[in-house]
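According to TrEMBL, the features are:
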type	residues	note
BINDING	HIS41, HIS121, HIS125	divalent metal cation binding site
Amino acid sequence: MAGTTLQKLAAYTSWANQRLLETLEKFGEKLPATSLHLFSHLLNAEIIWLARIQRLESPVTVFDEHTIIECRKLQESTFERFIGLADSSPEELENLITYKNTKGETFTTSLEDILMQVFNHGTYHRAQIARDLRQNGLEPINTDYIMFVRETEG
């Protein structure tokens, strides 16, 4: 896959979240509450970071709970935005974003570093979800980066 590292990570994150969502939807009533909680948190964090980048108030808080149907809507509303942000010019990626964290503390971080945080945060929680599914006797989907490369490059 051609592109910058950020573009690749944005596409991968979108792919991995979508594959995970489809897997979670298939479990139906068997879906563990912890897995849904973690996926809700993953999506909430993405939405919060988008709001910070746009200097808007976030419509969600970090630990809001969502149904799997609501998770689908949230995923669909965010993934294209991150792909677009990853396409930013090198100068735009250096732009500093000042925001408050969930404790009300003010920080200033470059757009590039915020995107890296979002993409890494998702990987962390997808792994937690995989572990939770296994502990509940369910088979998780493989969302390793190399699986994305193999699937998207043919």
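We number each residue from 1, going along the chain as drawn.
For all residues, glycine too, the Cβ spot is worked out from N, Cα and C.
A simple way to gauge crowding: the CB of HIS125 (divalent metal cation binding site) has 19 other CB atoms within 10 angstroms, across all the protein chains here.
Sequence-distant neighbours of HIS121 (divalent metal cation binding site) (same chain, six or more apart, CB under 8 Å from its CB) are LEU42, ALA45, listed in sequence order. The C-beta environment of HIS41 (divalent metal cation binding site), restricted to residues of the same chain at least 6 apart in sequence and closer than 8 Å, consists of VAL62, PHE63, HIS125.
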